[in-house]
Structure formats: structure tokens, C-alpha cells
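Report on the following structure.
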């Protein structure tokens, strides 16, 4: 399996700039993270944008779809902010023969208690075993894109139907 | 999916005892780890033994098989030392209708640069998408038990055939 | 030595709220941090405010001084944002017989690569050995309050005269 | 202040070798640690030995003393295993005009919950403020070498007299 990774920004990539007492979306973390974790995967990474997912536009989503369609690889992993993840997943449906999994993090990868490693692991594990389609891997679960919602109160992803 | 977890010891659970200037297998980490990471999974944990996998006997492997067969759940995750993981996996073949994934860590979960979160994520993601059988999830890959070996020189798991 | 700790907010206490895609000053970390690190110190903690130090007013600084003066302990540790730390230190001069050390962090304590543990260690180590006065412990150095400046470009504290 | 650092091994430098299911004393961590933490200190590092402190001999302690005496710097920081730290400190007494602080860690620097950053911070903070002599900085306290003992039951350092 050769894997193509498209990064779009979101909490997973957030870093803290003391100079501005502010956080910002930084460099995509996933490439270094996979290498540091000893992942024996063949993968390429492209950065499509660096945005909070609340700020993603229809044009951004069209671009992500274009990139996912254009790449040679059948297996595509997308790192993404959590708030707009379901909407982007919906915009990716219908790409014949592609297995697409979106993931991200509720706490930045730079944090001691981040869910980034776990979520990326879950996405990578699922990608190797799924049929073509669009999925979200969050909170240790693999959801079909038509059966998932972010529960903002509880700050986690849930199935529409159990 | 309801998940049953069987812990057996191994590097993933190793802690450091200053009093003895020594590492030892400690309490199983996976339950707390899944809770801390916000995994929205229904799971039970049982500790079968606490051993380095080099010390596992045929009797130990028979016990692990017995536990995997006896539990109600179809989905079984086993945390295990890496050296004897393939041998234990072989001893688990033939349990009809069970999906069994073994995982562990090359660096203890207590370390800053541990692969524990990532490997457990990978195992959990794969478990939800695999047909019945026995598998190993390590180094970001999901291997069928008949197509995997630990390369001790390189300190990673590899497919027998690519 | 009995130690009194006054917390005021700043980067050291910043946490990330995914619900708001934003960092905010959270609960003071120093008490738990000292306990988790096995510090064999007798200390009390009071939270004077929770602010970015750029937002501190003269009234805030008067309050911090009042608290430092009112407490029974001679040794006072103040956790503080880095931008206004020197100004607060200046406002604390002249409290007879008090040893006051201000510290904080350039990366939040919640981060994997935080300087919080190190800076607090440095402050605590210095406090036990210094004569009465006001000091800043940052970047591994202990500065007299009249000989320190934050170099915002380099994002570190420096002596006015070497 | 120019600082000379002598490393001798001990828990602080312990790493885990999966190939051997064993820990060993690895490369000295303190240089990288100080650089990563943004310490604005001028320092040199020399590795005198890499041993568990229970294995240190009189010859080893004579060598450490020789190095501490020979270096140009007045300020000397020694990283050391915790069990033999007091004995080494005793062997370092009487070096006129030197300020020597020994420190180490109860949990390896590679661990998520290590006291290494904190202890080194405490040692560095104290070094800048102490008169000539030999001291131990552990558990957030700075002890004169003639007034300290390791309580092995409680796994912490304590004053002989409070």
C-alpha cells in the first residue's frame, strides 16, 4: 500500500507563538510524526492549505477533492480540523476506487496529552482494511461519512445510528 | 463493536523502578490510555499475565488462546511483548468468527517518544474493518499472522512477502 | 523554608479549548506540577488573577504586591506571563526581608516541549539560596530585577549588563 | 557565569533497548536538554563515565574529583545516579573556591513524567546563588552535602536535620 497524505491545517497542527501570545496553524506534523513513530509505510505528503476548519470555503473543499482525485495513490489520508471534517468528507464522496480517511486531533500534536498519534494510528490501520469510500477516524472509531456527526458539547465524534 | 482486551505484559507496560535501578513489567496501561485519549469504545480489559514475551511458555500461550476463545466478544485486542508476538499469534489461529489483533510497543508507553498510542490506534482502527482472523498491528501496518516476521536487527515488523 | 506561591496567569497556564479553537489561561498548574515532580517542599498556592501579562493593570500589580507583603512566608514564588514580568518585578521592590522570584514559561506547561518544569526548578533552587530582593528566573538564569529585560525578538530574557 | 558539566551516568541517562528488553545508560542528555529548553548559559560538557551509581568505585570518585578540580570553571554541575550521589559529594569536599552541585533524576529523562528538567533547573538556579561548597539539588531542595541522605524507602532525598 502506498499512501498519499493531504494536510489542511486544524488543531492537530497548532503551535503556540509566545511573541504574539497566540496559537497559529504551523507546519504539518504528520510526516515527522510517522517517521518518529517508526511507521514502515511508503507515503507522500502535500499541504493543501493551513486553516482552521471553520474557515474552510467551498473553493477549499473543491481543491481538496481535486487533489484527492489527482493523486496516483488509491489510499488517501487527510488531516483536518475537527469542526468542518464531516462537511469536507461529504464533499469527497463519489471518487471511484479511492479509499479516503479523514482524521485530526482534539488537542494539538504538540501537547503532552494529545490524541494525534492515536488518531493517525487508527486512520492508518483502517485505511489498509477498508473498501473504497470516505471515512472519518476519530475517538478510536471508524465512521462511514454518512453515519457520523461531531457532538460539539461532548467534544467527540459519534455515529448517527449506533 | 464491543472490544475485549487481553494484556500479557511486554515492553508497552514496562516501568522503571529506581529502587532497583531496573525496568519491570508494571500495571497494564491500555485501559487508562484509551480513556485518556477519549476513545468512544465499549471495552473490557483482563490481565492474563505480566511477562516479557521471551519468557512466555506453551502453557502461557494456551491460556491466552483459552481466554480469547472464552470471551463473549468477537473483537479481541491483545497487548504483547514484541519478540514472541508472532508465535503467540500463530497459537491463536483457527478460532472461528473471532477477529484478533495483537499489538505492543518498541518503546514503553511511559516514554516521551513511545509508539504505544500509535500502535493501539492502528490496532483499534484495523479491528473494526477486518474479517475474522489473526493479525499483528505494528509499525503502522496490519499484517496477516501468516505473513509477518520481526526483523530484530532493524527492530521492526515486516511482511514475509511484500 | 516554607514557600508561598502566587499565580497570575500567563503562558505557563495556557490550555487549548477545541470548542473555541482557542488558547486560554486555565487553572494554575504549579501545585500539581510540584506534587507530580516529587518536590519535598512545604508550600501554599493562591491564585491572584488569570491574565495574559500584557493585560495586567497598575491595580493588578498593586494587588500582587499586597499579597506578597501580606503572606507570612519570607519566600515567595510568582508565576507570571513573560511580557509583563519585569514590570511586575519592579512593582515588588522594597518589601523588606522578602525573597521574591518571578518565573513563567515561553511554552505552556501542557506542551511536550515546555520550559515550565525547568524554569520552576530554577526558581525554586534560587529561592533557597538568595538574599532578600526581587529576581526573575528564566532561561536557566537568575536575574536581579534591576538587571533584566525580555528580548522579544529572540524570545528570551537577558541581562542589561553581562 | 561559565558552567562546566561532568556527566557520570545514572538513571537520568537511562534509555530502553528493545532488542535486549533491557535498559542501559545511554548518551548524556543534559547538553541537548539545556539547548532544547532555551537555557542562555555558557557551558561545556564532559562525560567522565557511564555507570549506575551503585557500581561506582573509589577510583571513579577520584577521577570525578580530578576533573572537577582541573576544569577552569568555578561552577561545576555533576549529573549522577541517585544511590551513590551522597558518597560522591563527600569525595568532592575541600576543593577551594569551587561551587559544585550534584543532581540526577528518579525517573529517566526519556520518560513522560521525568523529574530531570526540574532537577537540572533547580541545580542551575542554585549554582548561581551559592557560596563555594558541595551541594545536592534533588526533590526541589538544595542540600549541603553534610546534611543530606537518600531515603530509599520513600525514594527521595531528605535533610539529616530539618
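Just so you know, the numbers here start at 1 and follow the chain as drawn.
Each Cβ is built from the backbone N, Cα and C atoms, and glycine gets one as well.
These figures come from a predicted structure and were not determined experimentally.
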Where TrEMBL shows A:82, A:83 binding substrate, which of A:47, A:53 is named for the same site? A:53
Counting other Cβ atoms within 10 Å, pick out the least crowded of the recorded positions A:11, A:53, A:82. A:53
Which of the three DSSP-derived classes (helix, strand, coil) applies to residue A:82 (substrate binding site)? coil
Nearest-integer angstrom distance between the alpha carbons (Cα) of residue A:53 (substrate binding site) and residue A:11 (active site, O-isoaspartyl threonine intermediate): 9
So how far apart do the substrate binders A:53, A:82, A:83 get, largest Cα to Cα in Å? 7
Cβ atoms near residue A:83 (substrate binding site) (within 10 Å, other residues, all chains): 20
Take the C-alpha atoms of residue A:11 (active site, O-isoaspartyl threonine intermediate) and residue A:83 (substrate binding site) and report the distance between them in angstrom, rounded. 10
Quick one: mean pLDDT on the domain 'L-asparaginase N-terminal' (A:2-159)? 94
